[in-house]
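J.: What TrEMBL shows for this protein is this:
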- A:77-400: domain 'FAD/NAD(P)-binding' (DOMAIN)
- A:Lys133, A:Gly197, A:Asp385: FAD binding site (BINDING)
- A:Gly256, A:Gly257, A:Gly258, A:Tyr259, A:Ile260, A:Ala261, A:Leu262, A:Glu263, A:Gly344: NAD(+) binding site (BINDING)
- A:420-528: domain 'Pyridine nucleotide-disulphide oxidoreductase dimerisation' (DOMAIN)
- A:His518: active site, proton acceptor (ACT_SITE)
Amino acid sequence: MATATTDLRFSAAATSAKTLDRATVRARRGRFLHHLASRGLHLDHLLPSPFRLRSPFSVCRAAAYAAEGDGEKYEYDLFTIGAGSGGMRASRFASTLYGARAAVCEMPFATVASDALGGVGGTCVLRGCVPKKLLVYASKYSHEFDESHGFGWKYETDPKHDWSTLMTRKNLELQRLVDFQTDMLKNSGVTLIEGRGKIVDPHTVSVDGKLYTARNILIAVGARPSIPDIPGIEHVIDSDAALDLPSRPEKIAIVGGGYIALEFAGIFNGLKSEVHVYIRQKKVLRGFDEEVRDFVTQQMSLRGITFHTEQTPQAITKSDDGLLSLKTNKGTVNGFSHIMFATGRKPNTKNLGLEDVGVKMDKHGSVMVDEYSRTSVDSIWAVGDVTNRVNLTPVALMEGGALTHTIFGNDPIKPDHSAVPSAVFSQPPIGQVGLTEEQATEKYGDVDVYTSNFRPLKATLSGLPDRIYTKLIVCADTNKVLGVHMCGEDAPEIIQGIAIAVKAGLTKQNFDATVGVHPTAAEELVTMRNPTRKVRRNSAGKTNVEALRQK
Amino acid sequence: MARKMLKDGEVAVADGGGGESYEYDLFVIGAGSGGVRGSRTSAGFGAKVAICELPFHPISSEWQGGHGGTCVIRGCVPKKILVYGAAFRGEFEDAKNFGWEINGDINYNWKKLLENKTQEIVRLNGVYKRILGNSGVTMIEGAGSVVDAHTVEVTQPDGSKQRHTAKHILIATGSRAHLVDIPGKELAITSDEALSLEELPKRAVILGGGYIAVEFASIWKGLGAEVDLFYRKELPLRGFDDEMRTVVASNLEGRGIRLHPATNLTELSKTADGIKVVTDKGDELMADVVLFATGRTPNTNKLNLEAVGVEVDQIGAIKVDEFSHTSVPSIWAVGDVTNRINLTPVALMEATCFAKTVFGGQPVKPDYRDVPCAVFSIPPLSVVGLSEQEALEEAKNDILVYTSSFNPMKNSISKRQEKSIMKLVVDSETDRVLGAAMCGPDAAEIMQGIAVALKSGATKATFDSTVGIHPSAAEEFVTMRTLTRRVSPASKLKTNL
């Protein structure tokens with residue numbers, strides 16, 4: 001800490017010293033700031049326990065930033081609209097690492113978001129990753145109860161689930177997280193303003209009528225569920241509401257084939273609802289590896305979820321007994337207690353004043369940014385879901401971190417969106433990193449594909465039909481592992497370490513040289529010796545597939 | 001099957017060629033992990049291979065063993081099955097706060113678990129035999145011993161003996177649990193019996209601080225027994241990172257296991273109430289089962305090795321060079337019988353290297369650097385690379401230690417008081433990650449990918465540049481930005497944990 005303060009003084013002094021040329025100054029400062037960033041705080045994403053809180057890195061802010069010049073013209077160096085993952089990261093880093101004067105505005109907390117309600121923590125903590133994962137944990141138990149029989153466990157009566165216990169405890173945890181994150185912002189020296197922010201001009205934000213000026217404005221307002229406008233749509237729920245239902249759905253229709261739909265299908269199925277998933281396409285999870293798409297559908301069906309494919313919803317009706325009917329292009333199904341739409345999300349860019357100040361948006365309403373997250377207005381930036389790049393919390397964190405470095409570190413860095421791993425917390429879950437087989441074939445032409453579809457040890461005892469699917473996609477030329485996909489127990493946890501290897505551009509030989517951890521499911525990823533098929537593009541650009549082995 | 005060139009340039013024709021004629025190119029003694037891999041891979045290179053193994057039995061002896069070996073029949077597999085079974089208790093406890101109500105009694109039917117476990121290992125035993133058969137390997141039942149540099153004698157269960165000649169002999173007989181010599185030791189059991197007990201003990205005493213002791217402590221506790229664990233050091237799991245050992249000890253205690261550090265057992269005796277156990281501190285306690293998990297001895301005493309000149313060390317482990325070659329040119333050894341790193345995947349690696357070297361025409365040494373491993377305690381521990389202590393031992397530069405101790409998200413609802421801990425040990429000059437460790441749910445699964453990165457020399461910067469998978473426990477490994485401490489090799493402390 002003492003060293004850091006000294007360095008900062010040096011940095012500020014050096015900036016004003018005429019004897020040093022500008023390049024030297026920039027180089028020194030860059031090195032120093034990089035040094036700071038590498039030791040900085042990072043835990044403004046999920047913080048389940050105060051235990052993880054580390055003492056904030058405080059710096060002498062006036063020295064650090066006033067040297068930039070026009071700072072005094074504005075009340076803040078950075079004003080952020082939206083205290084979700086991206087907004088919190090950026091404002092905290094701006095303050096703690098660069099000594100910038102940072103403020104963030106956020107709407108009051110509510111489990112269901114609206115134009116006037118949100119909460120510190122944003123989608124991830126309040127209406128996404130965290131509550132979703134908590135419900136996944138809760139719902140997984142029914143599968144574990146089933147598994148336990150094969151291991152000799154027996155209960156006098158079948159375990160029953162009490163919905164209100166779960167909701168109460170989940171909401172207590174969410175409230176704790178809101179308080180915790182609020183404290184963390186304050187401890188970082190960020191000014192938190194409650195209310196809805198709107199941009200008035202390139203350097204002014206109005207929060208419920210009160211004006212704040214800032215040298216830079218960051219838009220980090222995220223996205224919200226979007227549902228199609230069809231007759232009876234007022235009867236349906238979205239994922240916000242689905243995370244906070246007053247009672248367990250008896251029979252639920254989930255419309256959508258994306259990861260949110262599949263995660264909720266697993267949650268409700270595990271908590272003993274009858275679950276029907278309606279998708280417009282032939283397959284779920286567009287954009288994922290084709291074989292994974294098939295595999296997860298199969299496994300979910302085996303756990304009792306019914307999939308209705310190639311059905312487009314047309315109308316919802318409510319009958320006198322309160323039950324809902326879903327009409328699609330193929331017919332009408334009655335008797336749903338709930339119908340949930342998980343049909344995509346829309347950036348929260350309405351009524352933000354963006355059109356008036358000239359911030360450009362695409363046709364979906366996402367804020368358009370360059371590689372440094374800068375919008376079409378020089379002083380306005382945007383990170384996270386509102387930019388609709390890769391809509392994941394850790395990506396918003398990366399974008400937010402890179403942004404502060406770019407603005408305040410005098411060393412522009414671009415967030416790197418390659419080889420970003422991701423997970424679907426369906427049951428069984430999916431973990432993936434890098435390219436799908438289809439993308440790899442398209443990009444590289446010649447690829448070797450290693451697959452394995454096996455029954456894990458636990459399933460041999462439980463007697464359940466659980467399986468695990470793994471896939472490695474390797475560039476035939478360079479032997480680089482281009483993509484890894486896995487569906488089955490623990491896949492998200494397993495893929496994280498693999499993602500380091502893929503990010504580092506490691507080869508199949510590196511995987512083969514690694515000794516397995518035995519007995520695990522993950523060891524399969526380092527023991528896949530023979531390709532299942534070799535995909536080759538001939539001179540005419542046609543792709544041939546040579547199937548070598550069926551496992 | 002096409003014949004390929006042998007290492008020495010000879011065509012691998014068993015009957016003739018180089019003047020001498022042998023029945024087989026390779027004769028393997030022991031069909032465990034190493035032996036099966038060695039024979040299959042050699043057969044794949046075109047060698048004519050035979051393998052001998054004892055008849056199947058869950059508890060090994062001089063006359064009983066079985067295809068699959070320790071890992072499949074008496075080790076990794078049955079152990080992991082019991083760990084799965086035992087882990088459900090914690091799950092049931094955790095389920096309550098997630099809203100699950102289990103009314104009435106939860107019963108545990110040990111016999112059913114045992115039956116299902118036995119069924120699974122019998123199945124795997126069959127799978128191994130089938131794999132060998134499909135690879136064209138001749139299977140011979142009986143106990144093998146070495147007669148001369150090219151001859152193996154197999155004694156069959158009925159006492160009949162037959163001799164087989166081979167150009168190369170591979171010894172892969174593994175190891176067996178061994179009992180410490182104290183009065184009443186015959187009342188104690190080893191891990192073999194512990195995996196096949198008729199009754200689940202109500203009171204279990206375990207002697208030993210290694211991974212086997214720790215795993216059985218978790219298994220029996222999870223299945224409902226009272227468990228007392230005795231070990232000589234201040235902490236269990238000698239050889240692992242001291243910080244992680246501390247965490248494991250406190251987790252075991254947190255789950256209700258009674259720890260007795262720095263304590264030995266001095267005497268066992270039989271009483272009407274069970275086995276009376278006396279410690280070197282003068283304490284006495286009663287137990288239904290006393291498990292000695294006090295180390296394993298290589299299975300070499302019946303192999304007639306001295307007579308043919310195969311050197312063994314003082315504990316009976318076969319001495320081999322980097323290519324698994326013994327002191328006799330035609331005899332090789334892999335796996336636990338060589339007491340290098342006694343893990344199934346390492347035996348597999350050694351056996352593959354052996355086959356490539358001898359029959360594949362591509363001499364290759366097994367690489368023992370960055371071998372990951374796991375201890376399936378509940379919750380598990382998994383590590384790869386160097387511990388902080390080892391890193392300091394080897395270090396030229398300062399060592400950077402990053403640790404993260406956190407409450408797993410599941411515990412935020414279940415209220416289980418048990419932290420997960422992760423650790424990275426980094427060279428301050430090269431930025432290379434020298435070691436990684438984790439204790440917490442899914443540690444073993446998480447560590448596999450980390451091991452790929454470490455093995456390939458990944459730097460801390462590479463870890464940092466990887467985007468997290470949210471929300472997972474594993475993402476902590478790529479978001480450890482705050483240095484916990486910097487330790488310089490000069491300042492290393494001698495401990496006696």
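Cβ from N, Cα, C; glycine included.
TrEMBL does not curate its annotations; it predicts them automatically.
Just so it is clear, the model here is predicted, and its values are computed rather than measured.
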J.: Given the binding-site residues A:Lys133, A:Gly197, A:Asp385, which one's Cα is the least distant from that of A:Ile260 (NAD(+) binding site)?
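T.: Result for A:Ile260 (NAD(+) binding site): the nearest of the binding-site residues is A:Lys133.
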J.: Taking Cβ atoms only, which of the recorded positions A:Lys133, A:Gly256, A:Leu262, A:Gly344, A:Asp385, A:His518 fall under 8 Å from chain B?
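T.: Out of A:Lys133, A:Gly256, A:Leu262, A:Gly344, A:Asp385, A:His518, A:Lys133, A:His518 lie under 8 Å of chain B.
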J.: By CA-CA distance, flag whichever of A:Lys133, A:Gly197, A:His518 among the recorded positions is nearest to A:Gly258 (NAD(+) binding site).
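T.: Result for A:Gly258 (NAD(+) binding site): the nearest of the recorded positions is A:Lys133.
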J.: I want the residues beyond A:Gly256, A:Gly257, A:Gly258, A:Tyr259, A:Ile260, A:Ala261, A:Leu262, A:Glu263, A:Gly344 whose C-beta is within 8 angstroms of the mean position of the NAD(+) site's C-beta atoms, in chain order.
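T.: Result: A:Ile254, A:Phe264, A:Val284, A:Leu285, A:Ala342.
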J.: Relative to the Cβ of A:Gly197 (FAD binding site), which residues of the same chain, six or more apart in sequence, are found under 8 Å away?
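T.: Spatial neighbours, sequence-distant, of A:Gly197 (FAD binding site): A:Phe79, A:Ile81, A:Gly82, A:Cys105, A:Val205, A:Ser206, A:Val207, A:Val221, A:Leu352.
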J.: Per 10 Å Cβ neighbour count, which of the recorded positions A:Lys133, A:His518 ranks highest?
T.: A:His518
J.: Please list, in sequence order, the residues in the chain of A:Gly256 (NAD(+) binding site) that are at least six apart in sequence and whose C-beta is under 8 Å away from its C-beta.
T.: A:Val277, A:Tyr278, A:Ile279, A:Phe341, A:Ala342, A:Thr343, A:Gly344
J.: Of A:Gly258, A:Gly344, which of the binding-site residues has the most Cβ neighbours inside 10 Å?
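T.: Buried the deepest by this measure is A:Gly258.
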J.: State the Cα to Cα distance, in Å, between A:Lys133 (FAD binding site) and A:His518 (active site, proton acceptor), rounded to an integer.
T.: 28
J.: Using a 10 angstroms cut-off on Cβ to Cβ distances, just flag whichever of A:Ile260, A:Leu262 is the loneliest among these binding-site residues.
T.: A:Ile260
J.: Across the whole of the domain 'Pyridine nucleotide-disulphide oxidoreductase dimerisation' (A:420-528), what does the mean pLDDT come to? Round it, please.
T.: 97
J.: Are there residues of the same chain, six or more positions away from A:Asp385 (FAD binding site), whose CB falls under 8 angstroms from its CB, and which are they?
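T.: Listed in sequence order, they are A:Gly84, A:Gly86, A:Thr123, A:Gly222, A:Ala223, A:Arg345, A:Pro347, A:Asn391, A:Ala396.
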J.: When DSSP is mapped onto helix/strand/coil, what comes out for A:Asp385 (FAD binding site)?
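T.: In the DSSP reduction, A:Asp385 (FAD binding site) maps to helix.
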J.: Can you break down the domain 'Pyridine nucleotide-disulphide oxidoreductase dimerisation' (A:420-528) into helix, strand and coil residue counts using DSSP?
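T.: The breakdown for the domain 'Pyridine nucleotide-disulphide oxidoreductase dimerisation' (A:420-528) reads 38 helix, 33 strand, 38 coil.
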